[in-house]
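See below for the structure under consideration.
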Amino acid sequence: MGPGPSRAPRAPRLMLCALALMVAAGGCVVSAFNLDTRFLVVKEAGNPGSLFGYSVALHRQTERQQRYLLLAGAPRELAVPDGYTNRTGAVYLCPLTAHKDDCERMNITVKNDPGHHIIEDMWLGVTVASQGPAGRVLVCAHRYTQVLWSGSEDQRRMVGKCYVRGNDLELDSSDDWQTYHNEMCNSNTDYLETGMCQLGTSGGFTQNTVYFGAPGAYNWKGNSYMIQRKEWDLSEYSYKDPEDQGNLYIGYTMQVGSFILHPKNITIVTGAPRHRHMGAVFLLSQEAGGDLRRRQVLEGSQVGAYFGSAIALADLNNDGWQDLLVGAPYYFERKEEVGGAIYVFMNQAGTSFPAHPSLLLHGPSGSAFGLSVASIGDINQDGFQDIAVGAPFEGLGKVYIYHSSSKGLLRQPQQVIHGEKLGLPGLATFGYSLSGQMDVDENFYPDLLVGSLSDHIVLLRARPVINIVHKTLVPRPAVLDPALCTATSCVQVELCFAYNQSAGNPNYRRNITLAYTLEADRDRRPPRLRFAGSESAVFHGFFSMPEMRCQKLELLLMDNLRDKLRPIIISMNYSLPLRMPDRPRLGLRSLDAYPILNQAQALENHTEVQFQKECGPDNKCESNLQMRAAFVSEQQQKLSRLQYSRDVRKLLLSINVTNTRTSERSGEDAHEALLTLVVPPALLLSSVRPPGACQANETIFCELGNPFKRNQRMELLIAFEVIGVTLHTRDLQVQLQLSTSSHQDNLWPMILTLLVDYTLQTSLSMVNHRLQSFFGGTVMGESGMKTVEDVGSPLKYEFQVGPMGEGLVGLGTLVLGLEWPYEVSNGKWLLYPTEITVHGNGSWPCRPPGDLINPLNLTLSDPGDRPSSPQRRRRQLDPGGGQGPPPVTLAAAKKAKSETVLTCATGRAHCVWLECPIPDAPVVTNVTVKARVWNSTFIEDYRDFDRVRVNGWATLFLRTSIPTINMENKTTWFSVDIDSELVEELPAEIELWLVLVAVGAGLLLLGLIILLLWKCGFFKRARTRALYEAKRQKAEMKSQPSETERLTDDY
């Protein structure tokens, strides 16, 4: 098949307008390959809006002169002035020059005869095709209209018309190809037959055939026509689809060739983009009698995608059979931002094509990717055909270049030509039409002609591709002994290059300059080698060819070399610098001076230099590093658990490393032996023994030796500060990893785990362990009590809980438990609890379960109340001015006992358990317990005692389900001394009137007695004699001896 036009035919004007309204989006960034975008051949012709470039073709003229031409259709071009026609369309031929405006209009003489045919707006140039070297040219006008008359009424038939011209683009009347009418449609029929067939919407040549597409035939079902010439015989073929439906557009695009479904016979491939609304491609073969028979139909997969609007044939995998590419420019995937597709069907050795594509290429949304597709030949001369795909509505238009291989078309484009980067003012819809497969500048590489709707065509010429066929990189010596290095050289590297042209042109001997970069130890920082005369491990150089050249470079070892085990990798990469034009000049610039390296070749080479090592004859060290590790105490005792508290400050880790020979491993030197420790944030490196063996950053690195010798042993003792253990810490994990640059494949990381038992530290204290109180007054029963003051004297205990330093945060609860003396042994109330309040970061009541606090619901007193003084209490118990029962008193003759003790441990009191949770708080928490002495119990049962002492216990403990958190219980005692204030009984008081009466009666009685004595002469004075007699008698009485004296005198 010749290099005919390979753009998708564009028939109706309405369709063209719709395409122009599409918005470009997306993009693809691909490194350029060998289509040159600097030295473009750009042509502009026609009047503005002529659509110059709507169709394009490359043509080689060999008659009358030797030259290459760029053919471009301008279907909206103005007519040659004749006074009757305004617009007909045109075809321009453009020479291969550096000028933009030297195109000539092709001479196709069409006379205007409105009575028989209409050439106004016939779209001449909608199709342009070349038969190849020394071949003819085909030009079509699909809107050419014939006029039929029925009486005075005319009927118009848009049958279309195609013109064949000679190799020199002139009419040769002796050539049957050119003089044949090529009128395949019958204008005497209507649109239901071929009266509106629009012949020439697509068309092309082979060596002995010319073919046309007519998508308007049979109510726009469409048809395909072919004229075949064999020597003097001429045969016409056509295809009428048996399906009874219109609007399929068969013939919208056509390609004809062999090695499709038969190695010799030709196969017609025609697109029908509206077949069943999803589009299809028909494969037809010749039948006797001039018919084309349908052999296979490939259907599209999406409604409205216009599958089949562009097709191309190319042997992608070099199996000798032509493969098929089908464009679907309106294909879309909304979620993936895809717009346009190319379906690739690989030929199954001439039997058929698979129903589903082997590859589906996508373009960006709104790009119309696949609106044009063309086989452009082997542009890089790698032996495989290449493909160009147009995306005219992506920005200002783009053309994607795909290469192929033995497996078919490569998925990723090798080059993307961006219309906006070409620097052409007014350019748009770049890539609307494509034509290739011809080397127009004769440099052995086919070129590509690209058309647009903006009155521009652009020729992209292929640059020569250079293969580097001989590249060597040889170090000397290959095994380096640092002891043999000199001040000027340790390693010498020799590198050599040679090239050829991929097209195999033996005359191509251009002087090219190859830039190369050598880098020593690229994967290591810092590198171990540097180039002589420099401190750098990188060297940049240039080679000038075509003759093979070699170069030698000297390298030196860096100072303080540590790694002498791993080889030094010396890498080389090279490139061909972009050469800028020497100076402006007239004429078309040859691209032979601007070659490009073959991108399919590896542009990098490397070699390595080994170190001389004491590791056996193979120079390969096989170490046997082994390690034991454990957490230990300061007495070197192994720890399985860490009993942590805030007093713990240090933790020790003992590590033993050996490198000894075993039956399985030789235990040779371990180069760059390193121990890496990954420790949790709770541990901070404090010290290492031996000193300086380890360095800490986020990870701890301990250098064991370089090398760590055979049979060497080493012990490390690492001390850590424990700084971050919390209640959430269940364990401490340390990962230990031995590493060496020697060969050892069993160096697995060791995970060392130390369980942590966290011991909370807090305190429990009291403001006053022992309180003073009293009892006395009257006995009152429960039913008579209304307020807590009716119970008895108040008590107030204050407990203080020290802060833990760290909140439990849901891991447990700190609880204050009280062993509270609640009753005496006979069940009577003892100390009646009225209220418990917790004060920390706030204040709230504590309500232990069991309704043990103020169970009688008595009215609480003012929180500010304090116990009354004994004097005040005595006055309150004074019955003189009050009412009610008299206070209980002690018998005046009875003396009370001194003291008794009530405690639950002796059974003389019964206790209940009260619990109050202590909140997480960084401050001291106060727990206040208020109670009342049950006065009646003490009056009834302990009235005989001066003092009753009641004892209780308080315990602070931790309640948690986590076994690693614990706390030592804190216990304290509390008590109250309750003194008796009962008074002794007093004598009964006598009424005043009785006293007055008694006094009066006494005085009266005394008077009577005196009177009586007086009457009896008691008050009369005695005589002198009687007086003296009395005195003498008294004296006699005084002088009488006593009985004792008398008894004494008897002896």
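Cβ atoms here come from the backbone N, Cα and C positions, even for glycine.
It should be emphasised that the depicted structure is a prediction, and the values quoted were computed from it without experimental measurement.
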When Swiss-Prot marks a stretch as motif 'GFFKR motif', which of 167-171, 777-781, 1017-1021 is it?
-> 1017-1021
Pick from Cys485, Cys550, Cys615: which cysteine does Swiss-Prot list as forming a disulfide with Cys496?
-> Cys550
Which one of these stretches, 770-776, 896-902, 903-909, 1015-1021, shows up in Swiss-Prot as region 'Interaction with HPS5'?
-> 1015-1021
Using the record from Swiss-Prot, pick out the residue from Cys162, Cys185 that is joined to Cys197 by a disulfide.
-> Cys185
Where does Asp439 (Ca(2+) 3 binding site) sit in DSSP terms: helix, strand, or coil?
-> coil
Within 10 Å of the Cβ of Asn443 (Ca(2+) 3 binding site), how many other Cβ atoms can you find? Include all protein chains, please.
-> 20
DSSP state at Asp447 (Ca(2+) 3 binding site), helix/strand/coil | strand
Other C-beta atoms within 10 angstroms of the C-beta of Tyr445 (Ca(2+) 3 binding site) total 25
Position of peak Cβ density within 10 Å, selected from the binding-site residues Asp439, Asp441, Asp447 | Asp447
Compute the mean position of the Cβ atoms of Asp439, Asp441, Asn443, Tyr445, Asp447, which form the recorded Ca(2+) 3 site, and then list in sequence order the other residues of that chain whose Cβ is within 8 Å of it.
-> Val440, Glu442, Phe444, Pro446, Arg461, Ala462, Leu591
